[in-house]
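Asks: Take this structure, written in structure tokens, and hold onto it; I'll ask about it next.
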Amino acid sequence: RQGIGEPSVYHAVVVIFLEFFAWGLLTTPMLTVLHQTFPQHTFLMNGLIHGVKGLLSFLSAPLIGALSDVWGRKSFLLLTVFFTCAPIPLMKISPWWYFAVISMSGVFAVTFSVIFAYVADITQEHERSTAYGLVSATFAASLVTSPAIGAYLSQAYGDTLVVVLASGVALLDIGFILLAVPESLPEEMRPVSWGAPISWEQADPFASLRKVGQDSTVLLICITVFLSYLPEAGQYSSFFLYLRQVIGFSSETVAAFIGVVGILSILAQTVVLGILMRSIGNKNTILLGLGFQILQLAWYGFGSQPWMMWAAGAVAAMSSITFPAISAMVSRNADPDQQGVVQGMITGIRGLCNGLGPALYGFVFYLFHVELNEMAEVETLGKASKPNMANPTDESSIIPGPPFLFGACSVLLSLLVALFIPEHNLALRSGSHKKHSNGAQTHTHSPQAGGSDGKEPLLEDSSV
């Protein structure tokens, strides 16, 4: 085998850590460059850029997964990491090209899909959840540490050094894949020839979504996921920009906010989630998580002071228990041969939200004229500038963050739908045998079971 040693989970962990550490370093410089490049419609353009990237990822993920079943994981790890990190050096060379390449890089921004397939190749089924948890925790750790480091270096030495360092980390990741990562997919598990056909069913991103209506319980779960993750995807794309420009956080405060909320989220998803699942049950844990999410989004929407953002951030950490709880409900109530099919549906819904959410948030910010005429300069920690909005309206002074309030309404609808999800989903079990002929078609094209298993932890990944 090419690479160092036998393929292991630790190879996957290093690849994920380096990729997201590089992007985390750029949190502070990217907010500055974004506003300098699009001073008039910052939030709208931010939403469109992330929206295009998310939709392209949704459309390309099944095809890249199917091709990795034929050509192996290592080549596609190299491809996804290279194109995902390609925009980094362009930040200082040409901001316009930087944002253009970011949006188009969505075609290959599916590293997690390939990583989880890699892990599925080399682990037994009983080891897989632990391995997925290690990868997800590494992803969280990289995003908790790197923004603070990037903010400090940017303040002390300037943005150029941060971009150079992030580019170096990305190159290190590419070199690690080339030299150290062994191929995980054995030759005997691949088709006889590289010319093996890839069916349209394998490459169709809407294939899993079309199965949603076949079972009423699956439909309720998917509607719950859509209504709750749509505002979360939009929030991820714009919230740090919102803190910096509208609330008046400094770069260092934004980095500290990311770190604190990230650590609290990890605690919530490990310690608190286990306690809640044992004490109040699966469904009630989902409902509690959605309740925290409503409170968090409403607080973000009406909050205008920095302390309100910190308090809402603590609530946001508690709301992160929702998707692991949904994942657990699906895993417990679906038959083993239907795990990949049902998890694939939820993954498809979330992928669609990753495209629609950012664009929706950007559009709502634009409708309510939440923009700055010039970049807010915050020199001292704890001293927040007043929001300086273009074309201020009465609504904007009452509701500083309209998209967050819209998101709270969406999650409220999600909570109402979740009330009707059966606690013990017998429908999934009885319906799985009827649907097995449909689900099997999506699996038989894959030379090994890891292709379907690889979809499962994406639910856990996005909840980090």
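Quick reminder: no glycine exception, Cβ is built from N, Cα and C everywhere.
Here's the feature list from TrEMBL:
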DOMAIN    8-425  domain 'Major facilitator superfamily (MFS) profile'
TRANSMEM  12-31  transmembrane segment
TRANSMEM  43-64  transmembrane segment
TRANSMEM  76-91  transmembrane segment
TRANSMEM  97-119  transmembrane segment
TRANSMEM  131-154  transmembrane segment
TRANSMEM  160-181  transmembrane segment
TRANSMEM  218-242  transmembrane segment
TRANSMEM  254-277  transmembrane segment
TRANSMEM  284-302  transmembrane segment
TRANSMEM  308-330  transmembrane segment
TRANSMEM  351-368  transmembrane segment
TRANSMEM  404-421  transmembrane segment
REGION    431-464  region 'Disordered'
COMPBIAS  438-449  compositional bias 'Polar residues'
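Relative to the rest of the structure, where do these features sit?
Replies: Beyond the transmembrane segment (76-91), the same-chain residues lying 6 or more positions past its ends with a Cβ under 8 Å from any Cβ of the stretch are 15, 19, 22-23, 26, 29-30, 33, 64, 67-68, 97-99, 101-102, 105, 107-111, 114-115, 118, 163, 166-167, 170, 173-174, 177-178, 181.
Within its own chain, the transmembrane segment (97-119) has Cβ neighbours under 8 Å at 7, 9, 11-12, 15-16, 19, 33-34, 37, 45, 48-49, 52-57, 59-61, 64-65, 68-69, 73, 76-77, 79-84, 86-87, 90-91, 128, 131-132, 135, 139, 184, 450-451, 453-458, 461, counting only residues six or more beyond its boundaries.
Away from its own ends, the transmembrane segment (131-154) comes close to residues 9, 12-13, 16-18, 20-29, 112, 115-116, 119, 123, 161-162, 165-166, 251-252, 254-256, 258-259, 262-263, 265-266, 456-457, 460-461, 464 of its chain (Cβ-Cβ under 8 Å, at least six residues beyond either end).
If you look at the transmembrane segment (218-242), the same-chain residues 6 or more away from its ends with a CB under 8 A from one of its CBs are 27, 31, 34-35, 42-43, 46-47, 50-51, 54, 211-212, 254, 258, 286, 290, 293, 297, 300, 322-323, 326, 329-330, 342, 345-346, 349-350, 352-354, 356-362, 365, 401, 403-404, 406-408, 410-411, 413-414, 417-418, 420-421, 428, 431, 462.
Below 8 angstroms of C-beta separation, residues 27-28, 31, 137, 140, 143-145, 147-148, 150-152, 240, 243-244, 284-285, 288, 309-310, 313-314, 316-318, 320-321, 324-325, 328, 463-464 of the same chain, each at least six residues beyond the ends of the transmembrane segment (254-277), sit close to that stretch.
Remote same-chain residues near the transmembrane segment (284-302) are listed as 224, 228, 231-232, 235, 239, 273, 276-277, 308-309, 311-313, 315-316, 318-323, 325-326, 329, 398-408, 411-412, 414-415, 418-419, 421 (criterion: CB distance under 8 Å, separation of at least six residues from the stretch ends).
Long-range neighbours of the transmembrane segment (404-421) within the same chain, counting only residues 6 or more positions beyond its ends whose Cβ lies under 8 Å from a Cβ of the stretch, are 217, 220-221, 223-224, 226-228, 230-232, 234-235, 283, 286-287, 290-291, 293-294, 297-298, 300-302, 329, 361, 364.
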Asks: Which whole-number mean pLDDT does the model give the domain 'Major facilitator superfamily (MFS) profile' (8-425)?
Replies: 80
